[in-house]
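What follows is a single structure, written as structure tokens, with notes after it.
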């Protein structure tokens with residue numbers, strides 16, 4: 001008999017397993033996207049009162065809405081809008097947290113086309129207000145996840161603007177960023193990185 | 001000839017006018033909703049690098065999307081979802097800012113039905129993380145706007161839960177909250193209240 005969480009997900013192991021043996025867990029082919037993993041992580045943080053971080057809703061331009069009698073309004077025509085900010089924000093120990101999460105199937109570098117000018121501008125605005133701002137980058141094939149502070153992303157972005165390479169090499173990410181511990185609970189423990197670099 | 005801003009809005013006066021004479025400006029019947037006023041205010045804060053505060057997109061459950069050839073994806077069926085958080089959040093001087101804005105046509109009290117349990121819970125979570133959390137309440141008929149700290153809202157909410165009144169009287173709001181200065185730029189200067197109570 002499989003044990004299930006209240007959300008219906010099957011329980012696949014104990015979180016009391018020592019870290020060493022945890023690493024042997026295979027997270028491959030779980031069919032979880034980075035977004036799902038981060039949502040589960042944020043839910044964990046929220047339930048344990050560790051942090052309050054939410055994904056923003058997808059921005060949609062609503063054109064036509066139908067209001068049928070005795071039932072809910074139906075949006076009949078709408079279009080996806082480009083987001084003017086990053087996808088995730090919230091609060092940890094009073095500080096403002098803001099980040100974007102992206103993954104690539106590339107093996108040796110992360111394409112900068114995953115980001116847009118307006119997102120970079122938003123991140124610069126956040127940094128100017130002393131917010132904690134970063135990106136979470138996942139290499140899908142190896143399932144390695146990195147935390148890269150926005151200031152480093154800005155430098156790689158500028159390099160591209162000046163005609164330099166259109167991606168960040170994995171070794172650069174490993175050097176300037178921090179590998180995020182991947183576990184069972186929380187899945188992608190980015191708060192542990194923030195703790196180390198902002199609260200110690 | 002009227003002078004217009006880049007966004008097409010007509011320029012109606014100089015922001016260099018001393019505060020005393022500014023007060024004589026009439027803001028009635030401008031046809032601006034509280035949401036529009038706050039968006040304009042947030043835009044002002046952003047441009048002047050005072051704060052980075054955005055309204056979250058309306059959450060929508062997308063059911064059916066059409067992908068026509070050579071044109072943008074069209075959402076053909078979608079439904080409004082209830083938001084699980086407040087509408088506005090962002091960063092000011094490194095601190096996390098989170099608020100909801102509501103208006104009423106009532107003259108003497110603010111109905112608590114403008115808020116929902118899940119929003120109150122979200123605000124409590126934010127306070128537990130030392131975020132700055134409040135509501136902006138506007139009385140539409142008098143155009144008075146108040147800043148009410150979330151902790152006070154929680155008490156009025158509890159009173160209702162215990163069978164007490166289903167609204168906050170205007171005199172209670174005036175006593176526990178702070179009237180927000182209404183001006184030309186910024187329209188609803190809630191940051192000035194935050195400055196006074198959190199950064200002095």
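First residue shown is number 1, and so on along the chain.
Glycine residues also receive a Cβ, built from the backbone N, Cα and C atoms like all the rest.
A quick note: this is a predicted structure, and the numbers were derived from the prediction, not measured.
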Further binder of Mg(2+) named by TrEMBL next to B:85, B:87, B:100, taken from the candidates B:61, B:119: B:119
DSSP three-state assignment (helix, strand or coil) for residue B:119 (Mg(2+) binding site): helix
Pairwise CA distance, residue B:87 (Mg(2+) binding site) versus residue B:102 (site 'Transition state stabilizer'), rounded so that it is a whole Å: 10
List of the recorded positions B:85, B:87, B:100, B:102, B:119 facing chain A, defined by a Cβ pair under 8 Å: B:85
Number of other Cβ atoms within 10 Å of the Cβ of residue B:85 (Mg(2+) binding site) across all protein chains: 22
Assigned conformation of residue B:102 (site 'Transition state stabilizer') - DSSP reduced to three states: strand
B:85, B:87, B:100, B:119 excluded, remaining Cβ within 8 Å of their centroid (Mg(2+)): B:83, B:86, B:88, B:98, B:99, B:122, B:123
Among B:87, B:100, which are binding-site residues, the residue with the most C-beta atoms within 10 angstroms of its C-beta: B:100
